[in-house]
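Take a look at the structure below.
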Amino acid sequence: MERKPIADNGVEVTAGLDDRATRRRQSAFARRKSSAVVEESAAIVEAHTLNDADRRLAEMGYTQVYKREFSWLSTFSFALSVSGLFASVSTTFIYPYEAGGASSAVWCWLISGFGCYCIALSVAELVSAYPTSGGLYFTCKYLAPTNWVPEISWLCGWLNLIGQIAGAASTEYGCAQLLLAAVSMAGDFNGYVPTDRQTVGVMAAFTVLHGALNSLNTAALEKMTKTYVIFHIAVLFSCCVALLAMCDYKHTSSYTWTTVVNNSGWSPTGWSFLFGFLSASWTMTDYDATAHIAEEIKNPEIKAPWSIALALGFTWIGGWLFTIVLAYCSGDPTHTLKNAVDQPVAQIFYDVIGRNGGIFFTVAACFVLNFTAMTAIQAGARTIWAYSRDEMLPLSRVWYKINKKTDTPVYAVWLFATACVLINLIGLGSYIAISAIFNLTAIALDWSYCIPIICKMLYGKFERGPFHLGWASLPINIWAVCWTTFVTIIYVMPTIRPVTPQNMNYVVVLMAAVAIFAVVYWYAAGRYYYIGPRVKAQLIMGVAGEEDKAHSSGGSSDEKRAPTAVR
């Protein structure tokens, strides 16, 4: 279906009110009747001067700021790097292995991966239709009822941003854990054991490094990103081959696929088995990260969604196969889980391949996770920039600034990086508290995706883009929402019993805090200034020379070239 620009008229604001607060509320209400009201500062852009991607962006109300440097390879590599498949499986394997042993890891990855892939496909479909740096937050402008766009996009936006910050922070922390695990492995796990202070210090150093890299221009980021996919796949394949070739005590297929070993303390064992879903759910998340660089991609309505679909499909199947290899080579669960640095996969590497090989693959996992952190900060910075473009955040004018030398939002990069470090400082006092923040990642992100998916199904306003699911769209959307609802219950439960203050899952407290923050901030301030995604560009429909033709024929050029604000 070809999208046609839809004309929008400005809304006249009632004047003469005595009370300033009342006047602000009246103004906000009037403007919120349509979040596509053209602002006085909106730029005028001519359709004939734009390529297809920039014209589509102008139709959605924005002017092009970034250089479109990302190609097919770099976009796919970016989408794959966000999951950090090899490293993410390595750091989260403990959850299914502790919950039900090898069989829990194998079966839960397959089942949970399918649910996550349905979310990814649903996200890809929306990204194709509305490719902007705002990601799924922006789609609420088109999918939700007009009068409710500010409230719904506000909630969706804050959930997404908080989820991204928590996710990037957990990734940075994981980088530090893996590097220090390799150092501990060099001493055969008998000497050096990293402290919380050392982990937080290394984390901060990694975050500064990734912030510095993201302060470069888009061309440099594109070159670094496209090299990642080759390295990642090579490490994943070589690790699987090395484990299978060198492990002389592999479990039998019967044990690997059918034997449940409950190390969590939960009863019945079937309930414990369900915690195995967490590994895939934490690995396959942040699906819309590629959407947040849509304005830096050539032909984003095609490349962004296909990269999401292909990268997450590879993550699902590749992660499952890697998990199967780990399950066969995992050895005695009691021995593997008693790893000195709480990294059972590092123990598997050490036991099967030896110290040198174990150090190599642990450092390789750290390297992979560094790419994940770098792309997470890039996506997060673009999110802050996009929200600031719509004046959603405090000091939006600062975070919206683009550095003249790099053409990137450097202030937004460092705001995001600083937030990651500040969150991780909690690890100095309580690892339990910081773990709860990390657990918040998948919940906040997945529900920020489900909000526009639900609006799409309920209100029927969706106009599909080049990438679409056809007849399968509705059942896939329904399963995505159902799966998110189900797995959220697993997210909030403590994974170990008996429950103590040391192993309690405090994520439910953080969920309540996030909800209260979003609601209170909205009623205290947001509703007075936030009107939803704004219109920063007026697209003039016409071609070069029409104005002269109109004058020569006695007609008015305004009749030929009327400015159009697009919803």
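Glycine too: its Cβ is placed from the backbone N, Cα and C atoms.
The transmembrane segment annotation in TrEMBL falls on one of the ranges 206-225, 266-285, 526-545, namely 266-285. Taking pairs at least six residues apart, the transmembrane segment (107-127) and the transmembrane segment (467-492) share three or more Cβ pairs below 8 Å and count as touching. For the transmembrane segment (306-328), the partner stretch with the highest count of Cβ pairs under 8 angstroms, out of 228-246, 359-387, 467-492, is 228-246. Using a Cβ-Cβ cut-off under 8 Å and counting only residues 6 or more beyond its ends in the same chain, the transmembrane segment (359-387) has close neighbours at 78, 81-88, 90-91, 132-135, 137-138, 157, 160-161, 164-165, 167-168, 171-172, 174-175, 178-179, 181-182, 185-186, 206-207, 209-211, 213-214, 221, 224-225, 228, 231-232, 235, 239, 242, 286, 289-290, 292-293, 295-296, 343, 345-346, 349, 353, 393, 396, 399-400, 408-409, 412-413, 415-417, 420. Here the transmembrane segment (408-426) has Cβ contacts under 8 Å with residues 66, 164-166, 168-169, 172-173, 200, 203-204, 207-208, 210-211, 214-218, 377-378, 380-382, 384-385, 388, 398-402, 433-434, 437 of the same chain, all six or more residues outside its ends. The stretch in 228-246, 266-285, 432-455, 504-524 that contributes the largest number of Cβ pairs under 8 Å to the transmembrane segment (467-492) is 432-455.
Only residues 6 or more beyond the boundaries of the transmembrane segment (266-285), in the same chain, are considered here, and those with a CB under 8 A from a CB of the stretch are 83-85, 88-89, 92-93, 95-96, 98-100, 104-105, 107-109, 111-113, 115-117, 120, 167, 260, 312, 315-316, 319, 323, 441-442, 445-446, 487, 490-491, 493, 495, 497.
Contact counts against the transmembrane segment (70-95), taken as Cβ pairs under 8 Å, peak for 228-246 among the stretches 228-246, 432-455, 504-524.
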